[in-house]
């Protein structure tokens, strides 16, 4: 039993140049674990609260010294001498110490940093990689990447209303081949955009941000890029979209500023159905707003049997919200973001609940990422089968793909690729 001997917090930078929390945990046997917490741009109203300083004299008010102080004082004092191998106890102590339902007193960014760093330290103490420590013998399923190659919405400075357009290499035989195919499509897409006179600068998540005005423009060029790269659209590589509909929802309607169109609930559902009919789309995330329960139910009735419908803002990685959504007939999958809930134990419980209802669980990054690769290990440990971690550029994104490549190599003949599971839907 290795015990927590030291906990240190530090204010560092994320991929957007904003401050975030890094935590280092040292155990009494010398094992060390480190984690850096990401941050989102498009956030759900029911997410756990990240603690910011609100001091305009530092980082335009976005500093995290208060969260770092919570790590170095209250959280450290409460956890010193505790068994690092008892993750549920570690997380329960922190949750009780915070004492708020959304972790606003100490900050979800403080709690999550400690939670993940403890897990890393315990894994090192046991001489195991994190995925094997957390998942045991069943940790052998490599996820299908949902690769965001065209950015819009809150993630880019263009007129596209939808936030993400993704390629999904579900037809690849291995994760390694999935990465290769995706990189080839990414570079083919870059050349096509450049030839057509569009900018090839990239957005927060490493995807391109061309000055398109409608989703169809992005989907058309993606289908063409897949084919030009030598792959079969819908067979080798499919598509996924994230409308981030909560960002479009104004007074009960969906306002598309780029298109200059306003859609009712029924029109929004009909539009998504038309896109799914026309393009090889296998997954739609946040197709309806988090506050539009009737819209979610309608969309699920219309598309749920033939398309993965992922709830992000509507569920916020919370098991209670997920159970409520299942009972109401909303979605058939959940996006899993550790900082939406604030501790590793709660995130694991959410994935357990999802799998219990036969809902898919998609492990996800945030738009403000770091070099931390924990979510790659978590995707394998929890047998999520899918991961969203950005495009084929920017080191904060490719670091996660590189970690998964190493995990696949380490697993050897035990490695499975989850492509068939997604294609079977």
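Start at 1 and count along the chain as shown; that gives each residue its number.
A Cβ is built for glycine as well, from the same backbone N, Cα and C atoms used for every other residue.
Listed in Swiss-Prot:
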- 205: active site, proton donor (ACT_SITE)
- 337: active site, proton acceptor (ACT_SITE)
- 163, 337, 366, 367, 388: (2R)-2-phosphoglycerate binding site (BINDING)
- 242, 285, 312: Mg(2+) binding site (BINDING)
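In sequence order, the recorded positions near residue 367 ((2R)-2-phosphoglycerate binding site) (Cα within 10 Å of its Cα) are 205, drawn from 205, 285, 312, 337.
Put simply, 285 is the one of the recorded positions 285, 312, 337 whose Cα lies nearest to the Cα of residue 163 ((2R)-2-phosphoglycerate binding site).
The Mg(2+) site is defined by 242, 285, 312, and by the 8 Å test on Cβ atoms against their centroid, the other residues of the chain that qualify are 163, 164, 243, 244, 284, 286, 310, 313, 335. Every protein chain considered, the tally of other Cβ atoms within 10 Å of the Cβ of residue 337 (active site, proton acceptor) stands at 26.
Counting other Cβ atoms within 10 Å of each Cβ, the lowest count among the binding-site residues 163, 367 belongs to 367. Here the candidates are the recorded positions 337, 366, 388. The one whose C-alpha lies nearest to that of residue 285 (Mg(2+) binding site) is 388.
Using the residue listed as 'active site, proton donor' as the reference Cα, a 10 A cut-off selects 366 from the binding-site residues 242, 312, 366. Cα spacing between residue 366 ((2R)-2-phosphoglycerate binding site) and residue 337 (active site, proton acceptor): 8 Å, rounded to the nearest whole number. When the recorded positions 205, 242, 285, 312 are compared by the number of other CB atoms within 10 angstroms of each CB, 242 has the fewest. Between the C-alpha atoms of residue 388 ((2R)-2-phosphoglycerate binding site) and residue 312 (Mg(2+) binding site), the distance comes to 12 Å.
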